[in-house]
């Protein structure tokens, strides 16, 4: 090692200018912390690099040299390999530095193995989340040497090996492949290797935590259709509670995801379920409006008899009724025994009269008279007045009619809402599990 210069790559002094070849391989120990929110994953690996450095040829009767000394390692030339998509990482050094060097005596072949913990970025596409498949890569590149000086290559066709019984949270490792990703930059062509991991998200967790609760909430909102029309507190409480619960669940899903601009599969599901729950609440509003609808009342014009007015008939001292019929905007008292004289004003609204102080003379064609609170008498006439039921009877009939309409709306929604939700599920699940399923294509040079 007296004349050894670790600043020069092994083939630097060769006249043919051949680059130094470095063969790489990976042994995966664990996957952890695969995060969609930060779009990265953590991996523990054994990184093995092999190259030939003839300056280290020697004759040793014991065979290969096994070295675990950091001082000696620092004196050797090593490939300046770095990870282009690295966020953070470190060498393992518990209980001793986790690396070794193996040098063959006659050829100078070197095997350099080290254990690394890396957090690498992964550009995830979340269109089908949580039924997505992600391609996460590990890129290794030379920082200083170009392909004229250094070349990387995978050791064999199966350069990526996995530990037995590898278990990952929320994901399954479907496949791995590797290829050469040498890139030509403005500063030169630098050697590069890429390992790709195909990760399929496990759907069971999201089925239990997101999909089943939202289905139950939607079903619960439909209970309102079976409640009585007059059960207003129960229907309001049910509608508002289900809507707030749905909003809370949707917010909890968004917390674990990055704020991407496109629509994800879980967004379609949560949005549709929220619409169904909100629709049930709107249906209650419409039902309540129909059940409480009132017929329009005609306004009473000023100029009627006062509150102290006393009504009397020519043949009777007092009238025994307070029923009033509007005629041309005026309110006239009608005795209960009076039937009809015509149909000129048929269909006028019947209402109780609110008497106002006034004296107005109408020819006494019917022989009716009134005496107001001031003692004046006023004659009233109506050439054609229809006989109608009292306001209470009419209102009761209208209430029953509107309640019947509200119940019909409830009956129809009992069928429309479940049927619409069933059709949505028929479209949603095949779309994301069959037709829109994400697939991956290996590059031609991948192994």
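Heads up, the Cβ atoms here are built off N, Cα and C, so glycines get one too.
Predicted, not measured: the structure shown is a model, and the values here were computed from it.
Taken as a whole, the domain 'Neurotransmitter-gated ion-channel ligand-binding' (1-201) shows an average pLDDT of 91 in this prediction. Summarising the annotation, TrEMBL assigns domain 'Neurotransmitter-gated ion-channel ligand-binding' to 1-201.
Annotation comment: TrEMBL describes 211-429 as domain 'Neurotransmitter-gated ion-channel transmembrane'.
TrEMBL lists 210-229 (among others) with the feature transmembrane segment.
Sequence-distant contacts of the transmembrane segment (236-257), counting only residues of its own chain at least 6 positions beyond either end whose CB sits under 8 Å from a CB of the stretch, comprise 36-37, 126, 129, 210, 213-214, 217-218, 220-221, 223-224, 227, 264, 266, 270-271, 273-274, 277-278, 280-281, 284. Per TrEMBL, transmembrane segment is recorded for 236-257 (among others).
What TrEMBL records for 269-291 (among others) is transmembrane segment.
As annotated by TrEMBL, transmembrane segment applies to 415-437 (among others).
Sequence-distant neighbours of the transmembrane segment (269-291) (same chain, 6+ residues past either end, Cβ-Cβ under 8 Å): 210-211, 214-215, 217-218, 221-222, 224-225, 229-230, 232, 235-236, 239-240, 242-243, 246-247, 249-250, 253, 399, 402-403, 405-406, 409-410, 413, 417, 420-421, 424, 428.
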